[in-house]
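Have a look at the structure below before the remarks.
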Amino acid sequence: MGLXKSFALFSLLVLVLGWVQPSLSGESRESSADKFKRQHMDPDSPSKSSPTYCNQMMKRQGMTKGSCKRVNTFVHEPLEDVQAICSQGQVTCKNGRNNCYKSSSTLHITECHLKGSSKYPNCDYTTTDSQKHIIIACEGNPLVPVHFDDSV
C-alpha cells in the first residue's frame with residue numbers, strides 16, 4: 001500500500017513540475033501568430049533573392065533545428081498587408097477547415113524546397129522567387145495570420 005501511495009505522489013510531483021517548469025525557466029511558448037511571423041515574414045528583403053537565401057533564412061529562423069523543414073515560403077510584403085488578407089476572400093484550407101483567406105492580389109514571395117539529396121544537419125534548399133496569391137489561416141479577435149496554407 002505504501003508503494004502505491006509513493007508512486008501516486010511521485011506521479012503528481014512529475015505532473016506539477018512539468019506544468020510549472022517552463023514558467024520557472026522564464027521561457028514562454030511562441031504564439032501561433034509569432035511563429036507565423038518568424039517562419040514566413042521577411043518584408044525587408046530585396047525583390048530578388050540570392051541563390052543561398054533559403055539556406056540562410058531557414059537556418060536563421062530556426063527551421064533546421066533537429067530536422068530540415070521540407071518546404072517553406074517567405075513573404076516579402078509589409079506585415080500590415082499580410083494581416084489585411086484575413087479580411088479578404090475566405091476559402092477552405094487544405095485541411096478542410098474554413099479559416100483560410102486568399103490574397104486579392106499577388107505578393108512577392110520566396111519558396112524554399114529541400115533538395116532531394118539533402119539530409120539533416122546539412123539542410124540544402126532551392127530558392128525560387130515568385131509573384132503569387134497566398135492563402136493563410138487566420139484566428140483570433142482581431143483575426144491575425146497563424147498558418148501559411150498555400151500559394152497559387
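In case you wondered, yes, glycine gets a Cβ from its N, Cα and C as well.
Between CYS138 and the candidates CYS86, CYS93, CYS100, Swiss-Prot records a disulfide bond only with CYS86. Reported as a whole number, the C-alpha separation between HIS40 (active site, proton acceptor) and HIS147 (active site, proton donor) equals 9 Å. In sequence order, SER32, PHE36, CYS93, ILE136, ALA137 make up the list of same-chain residues 6 or more apart from HIS147 (active site, proton donor) whose Cβ falls under 8 Å from its Cβ.
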